[in-house]
Amino acid sequence: MSPLACRRVLLKLSGEALMGDEDYGIDPKMIGRLAQEVIEAQQAGAEIALVIGGGNIFRGAGLAAAGMDRVTGDQMGMLATVINALAMQDALEKRGCKARVMSALKINDVCEDYIRRRAIRHLEKGRLVIFAAGTGNPFFTTDSGAALRAIEIGADLLLKATKVDGVYDRDPKKYPDATRFEALTYDEVITRDLQVMDTAAFALCRDSGLPLRIFDMGQPGVLLRILKGENIGTLVSGRG
Ligand code: UDP
């Protein structure tokens, strides 16, 4: 029996989390540190799936604002998430962890196609799975991809790593007296109009009763502490 509070989790990292101190792309030191954190959590007994965004390379909305066709921009964004996933797979495997990238877009010369049953099998066999290319559809984000895959694989918890250490009643960068919530219900998030993730992703979590924890991945060891049951960041669930 695992001593952890969660057996199977999906961790969503933004593409920007991979940039470290750079302005663009991937900082090898940063991705190495994140990979190490994930491996420690996995070695403690958790089954871990990852979704990594693409915002450190391309976002479709930004490309469309600059004049590009939106669907093409979103396809570039999805491919950016594949690049990040391959980089993470490499960082994990360099550290002795078995990992598989599974893409929602068919590019099976570079990674596996996403097949739900195969993804679950990888997890059961102790492999870390990285879901790439979001939902495979334009006009979505990787938050939606993360919520969707978390539900499909039967994750106990969706972890969303951000630069802020939880959900606040007001923007903590603008208001120093802003208060962080330890726990919220889905309904409270909606009635208070709090921004925890995009609307489509949030609706998926709420409709499936998937608990969601928003936290800051900046502190070393935080992932493992959460999996051991520490109340870090903000938990959003159906329970008040
Ligand atoms: N994207 C998409 N469909 C998806 C997921 C992602 O079209 O299901 C595109 C979209 O253009 C998005 C980009 O990929 O902006 C990168 O993902 P996201 O913005 O979620 O990355 P993050 O902000 O987490 O780094």
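In case you wondered, yes, glycine gets a Cβ from its N, Cα and C as well.
Listed by TrEMBL as binding UMP are Gly54, Thr135, Gly136, Asn137, Pro138, Phe139, Phe140, Thr141, Thr142; the candidate from Asp69, Asp74, Asp156 that the record includes in that site is Asp74.
Neighbours of Thr141 (UMP binding site), defined as other CB atoms within 10 A of its CB across all chains, total 23. Ligand 1 lies under 6 Å from the Cβ of Gly54, out of the binding-site residues Lys12, Gly54, Thr162.
The Cβ of Thr162 (ATP binding site) lies under 8 Å from the Cβ of Ser14, Ile214, Phe215, Asp216, Met217, each of which sits 6+ residues away along the same chain.
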